[in-house]
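Asks: First, the structure itself, so that you have it in front of you.
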């Protein structure tokens, strides 16, 4: 009898468990002292707690959890659970406490949780690249660079990069790369020295300075007639007028005039006079030896069309470290229809805060922008512009960037 009784009890419990699991809302058994019966009551939903059990006349009474407490599942508890206190050191809030969820903390950017501590992500040394980037839950996974790939930096984010294909760049391979160094290519020394920058930051600032605060009628024609050397033809002027706004036309005209008159003594003299500005820009940002990853982040932060990883890699191979950033900014300006580079940089600086970008670099970029907007440079631009056009356009009020 005892054996049959045990089997019957097990079957009964299985039925009760199946019933409470399959029905919705989930149920629980409650003994009702008023009737002496076992009742199937509704459980309380997440975000609430049990106030009163059900009876034969009414359903279970559940009420919302008070502030700073929660329940995250269907339950029969008569109280809510208090939320965890504030996050620990080096942690940030991933999800705030609410009635259905506890406060969730995670390690801040660049760290992962190991036991109870937020440790820095592993940095892969030269010769090893990142196979799996670190997350708030796990450390960085490094892997040795295979044949044909390299990593020349210590980084917690940079993967192994493919060796440069010198022939695709029109260059010769003079030293084969390995796991820690890229292929070394040979090329045109003069092209490498000036890095193919069509308009430098200082020249761009100077050309944009020449835009009057109020465009006078036929301003572009007056400027064309006033510029020395080979004149920009009427067809080119009309094309500039069709494609660009009135504020952008002066910059486009001066850029074309410089290209057509690069061998003119006047242009050479202006470029020499701008050397003071260029030296200062190099002093501010020329020392910023940015990694490929940092250049990628900076280019991603600029508005508009983006510079591709291949273009960044090609620039790193064909430009000196001190000119790489300037070359990429020049490429960005061209790709975005000659957008104002300084305005693009100011936009990027607002967004770099989220990337923990080196403060020394952002500080240098801000100093460069302030320098190119300074009164000293305003006076230099004014002097150069008057030298360039002589005294033929005296009525034009010139504005600094």
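One is the number of the first residue shown, and numbering goes on along the chain from there.
Using N, Cα and C of the backbone, Cβ positions are placed for all residues, glycine too.
The following feature annotations were taken from Swiss-Prot:
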DISULFID  41-54  disulfide bond
DISULFID  44-62  disulfide bond
DISULFID  65-80  disulfide bond
REPEAT    65-105  repeat 'TNFR-Cys 2'
DISULFID  83-97  disulfide bond
DISULFID  87-105  disulfide bond
CARBOHYD  98  N-linked glycosylation site
DISULFID  107-118  disulfide bond
REPEAT    107-142  repeat 'TNFR-Cys 3'
DISULFID  124-142  disulfide bond
DISULFID  145-160  disulfide bond
REPEAT    145-185  repeat 'TNFR-Cys 4'
CARBOHYD  165  N-linked glycosylation site
DISULFID  166-185  disulfide bond
CARBOHYD  178  N-linked glycosylation site
DOMAIN    198-269  domain 'Death 1'
DOMAIN    270-365  domain 'Death 2'
CARBOHYD  289  N-linked glycosylation site
SITE      400  site 'Involved in dimerization'
Asks: Work out how many Å separate residue 124 (disulfide bond) and residue 118 (disulfide bond) at their Cα atoms, rounded off.
Replies: 18
Asks: When the domain 'Death 2' (270-365) is classified with DSSP, how many of its residues are helical, how many are strand and how many are coil?
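Replies: The counts are 73 helix, 0 strand, 23 coil.
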Asks: For the repeat 'TNFR-Cys 3' (107-142), DSSP counts of helix, strand and coil?
Replies: 0 helix, 17 strand, 19 coil
Asks: State the residues, same chain only, that lie 6 or more residues beyond the ends of the repeat 'TNFR-Cys 3' (107-142) and have a CB under 8 A from a CB inside it; answer 'none' if no residue qualifies.
Replies: 88-92, 94, 149-161, 179-180, 356
Asks: Can you check which residues sit near residue 105 (disulfide bond), meaning Cβ under 8 Å from its Cβ, same chain, 6 or more apart in sequence, and list them in order?
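Replies: The answer is 84, 87, 88, 91, 92, 93, 94.
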Asks: If you count other Cβ atoms within 10 Å of each one's Cβ, which of the disulfide-bonded residues 54, 142 has the most?
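Replies: Max Cβ neighbours within 10 Å, all protein chains included: 142.
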Asks: What is the number of other Cβ atoms found within 10 Å of the Cβ of residue 145 (disulfide bond)?
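Replies: For residue 145 (disulfide bond), the 10 Å Cβ neighbour count is 24.
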Asks: Relative to the Cα of residue 178 (N-linked glycosylation site), which of the recorded positions 65, 145, 165 has the closest Cα?
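Replies: Closest recorded candidate to residue 178 (N-linked glycosylation site) by Cα: 145.
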Asks: Under DSSP, is residue 165 (N-linked glycosylation site) helix, strand or coil?
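Replies: Residue 165 (N-linked glycosylation site) sits in coil per DSSP, no helix or strand.
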Asks: How many other Cβ atoms sit within 10 Å of the Cβ of residue 178 (N-linked glycosylation site)?
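Replies: Step by step: centre on the Cβ of residue 178 (N-linked glycosylation site), count other Cβ atoms within 10 Å, giving 15.
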Asks: List every residue in the same chain as residue 80 (disulfide bond), at least 6 positions away in sequence, whose Cβ is under 8 Å from its Cβ.
Replies: 49, 65, 66, 69, 70, 71, 99
